[in-house]
Amino acid sequence: MAGAGSAAVSGAGTPVAGPTGRDLFAEGLLEFLRPAVQQLDSHVHAVRESQVELREQIDNLATELCRINEDQKVALDLDPYVKKLLNARRRVVLVNNILQNAQERLRRLNHSVAKETARRRAMLDSGIYPPGSPGK
């Protein structure tokens, strides 16, 4: 009887195309993680959208504070608050860039995994075994 990591052999002694234990494990793991990765991706996308909106609101508020400061007859110093808002905006932009880079890496990784999975399936379906595989 064939082990979990070896290919099956027909009665004539020729290898029978079929997934190895390692391939089955990899595919199962991929299917197990796919919903979590997709959920994470959608959450990152939502956070990025909200950060863009937050950045726009900070810009609007800073502009409005500057306008109020210029229009005031009483000397009210709003500059420190404007600086704090601009500093917060800078941090929001920084976090957004980090999220964007992480999301792009996740997208590339997901693409690579899907490509490798398709390649392995094609090899298994055609009966071609990679060098060093137990079915050779």
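Note that Cβ sites are derived from N, Cα and C of the backbone, with glycine treated the same way.
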Checking SER10, SER42 against Swiss-Prot, the one recorded as phosphoserine is SER10
Across all protein chains shown, the one of the modified residues SER50, SER126 with the most other Cβ atoms within 10 Å of its Cβ is SER50
Expressed in Å to no decimal places, the gap between the Cα atoms of SER126 (phosphoserine) and SER50 (phosphoserine) is 47
